[in-house]
Amino acid sequence: MPADTRPAAIVLMGPTASGKSQLAIDIAKRWGGEVISVDSVLVYRGLDIGTAKPNAAMRASVPHHLIDICEPWETYSAADFAHDARAAIDMIVRRGALPILTGGTGLYFRALLAGLSDMPPAHPEIRAMITAEAKRDSWATLHTRLAEVDAITAARIHATDPQRIQRALEVYRVSGRSMSDWQKQPLKQRLPLRVLKLVLAPTHRKVLHFRIAQRFKAMLDNGLLAEVNALRTHPSIHAMARPLNLPAMRAVGYRQCWEHLDNMYTAETLYQRGVAATRQLAKRQLTWLRGELDALWFDPEHDQSRIEKVVEAFLNR
């Protein structure tokens, strides 16, 4: 059997608060790598504390890519990510370094590693109509309407996931075809890499829940509310009719802080809601990760030496 001459890449996935960022840096330092963020919120400038964005020292220790590349009032799609990540990978490989892709945004990983079907681009007018509909009738109602025209996609989307409900309805209303129908088309070219997939996740869920609660408290202590207030008073965001519909402002933690600043609930309720929303995000991420059948799972607190051995063996193949 001929040797696989494709460039190697490490894919490090996991739920939020599992310790991926530091492990990615450790791997990069040991094996001459560069980190590519696979996170739909880290792309935004100004969202630092609430995203646990790698700090300046971490980013100076090894090169990082696709962090702070757009403004929080802009949109950034999975297709945008796949394009930019391919460019970053090409650059890293040309330098003779190891691409290390790390994050928790499953759609971004799928877009890059498996490819995307061609679909209609975003349509601002249709999107605004859907948003107005949701404000009037609720996202749960729109989820029901989606099920009437695209039962397959609706079954994959939770009724509390407005961004995906909106996109699925937008695709249908723009094209007259369901998203599931579009997804039956041949995928765009897959990434020509030899990939090792690792999942970093605590073995016991209560450990992850503890880490989530501890981290959200630290975010609040470190100034998350001030960060959100700076975002909401920025002229480009403040001038918007519905700023909370921005993908950046729908991010876990940011929406809850915004609502607290609007006096919708107390500081204690903010903490409780922020932790609950983060736990729900982690649950969705774990559901997706269980479908990654070719990934190897590791516990962040006990498996450091095992991870090193697996990476070493993969790179020496």
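Using the three backbone atoms N, Cα and C, a Cβ is placed for every residue, glycine included.
Swiss-Prot assigns the feature region 'Interaction with substrate tRNA' to one of the listed ranges (163-167, 173-177, 188-192), namely 163-167. When the ranges 39-42, 47-50, 267-270, 287-290 are checked against Swiss-Prot, the one recorded as region 'Interaction with substrate tRNA' is 39-42. In this structure, the CA atom of Gly19 (ATP binding site) is 15 Å away from the CA atom of Thr105 (site 'Interaction with substrate tRNA'). Around Ser21 (ATP binding site), a 10 Å sphere centred on its CB holds 23 further CB atoms from the protein chains shown. According to its DSSP assignment, Arg127 (site 'Interaction with substrate tRNA') is helical. Sparsest Cβ environment among the binding-site residues Gly14, Pro15, Gly19 (other Cβ atoms counted within 10 Å): Gly19. Within 10 Å of the Cβ of Thr105 (site 'Interaction with substrate tRNA') there are 20 other Cβ atoms, across all protein chains. Residue counts for the region 'Interaction with substrate tRNA' (163-167) under DSSP, split into helix (H, G, I), strand (E, B) and coil, are 5 helix, 0 strand, 0 coil. Taking the C-alpha positions, the distance from Gly14 (ATP binding site) to Thr105 (site 'Interaction with substrate tRNA') comes to 9 Å.
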